[in-house]
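Residues annotated as signal peptide in TrEMBL: 1-18. Residues annotated as transmembrane segment in TrEMBL: 34-54, 74-95, 101-120, 127-144, 164-184, 196-212, 232-254, 261-281, 287-305.
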């Protein structure tokens, strides 16, 4: 499967992630314990990866699997980061609408570019750095609220908590993505074996988070496994499937492509999110939002376009006659 097909599918799934999560709310509140969503999504990813790993083991050429503990323990780190990120993601959507959330998520490309340079020692061209800065400008522009005819109490349309959580979510996503890419590419192990390690720790840590929630609440609502599916609807299950499928596609991109492709594909998801949010949630589309999206598209073109397509310099200077 080509990377651009995976990126396109990831764009579709990511664009619907915030919308489905918002649709799963009732009167602006979650009727279910949203901490159970990441747990079930991790269990879904572990089940799918285990099935395909079993299929690989049944083949004539068994997959390569590094089983030393010093290698396995490295998968603890992204599991912890993803645990925090997934719960911050749900908390963010209680303050901001899906379009705002999706656009703010594109801030992770800036932190990803920095971590690319510092952690993975990836060198980016000046044009690519300009594209990253331009993307940051585009996402910021899209957040500015027009004053219109009414009073302009704030330049931003969402509470400060929403933006702080959105920035935290973007930083956590970039950190987890860069570290996961490092793990995926540090050896030639089977992708599904690497996923099994990653998602096993994911299930364990998310289960631990649910147990912690029980102790914090004094078990007033009973143990988490007795109310695991309380308040679940068809839309809630769609959120679980969406989150799990997105994670599987991201791991494929981490193995065979890179983080920049992943974050740019998710940034394009804001186009679909914006259109659907206007239709589903009566979100007013502003000029600033459209301008920010246009700037982000220009950034996308700049980052992936070869330099020779932007400017073609003459090989030799013409000889001038005196």
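Glycine is no exception: its Cβ is also placed from the backbone N, Cα and C atoms.
Note that TrEMBL annotation is computational and uncurated.
In this chain, the transmembrane segment (232-254) lies in contact with the transmembrane segment (164-184); the count of Cβ pairs under 8 Å, excluding pairs fewer than 6 apart in sequence, is at least 3.
By the Cβ criterion (under 8 Å, sequence separation of 6 or more), the transmembrane segment (232-254) is in contact with the transmembrane segment (34-54), since 3+ such pairs are found.
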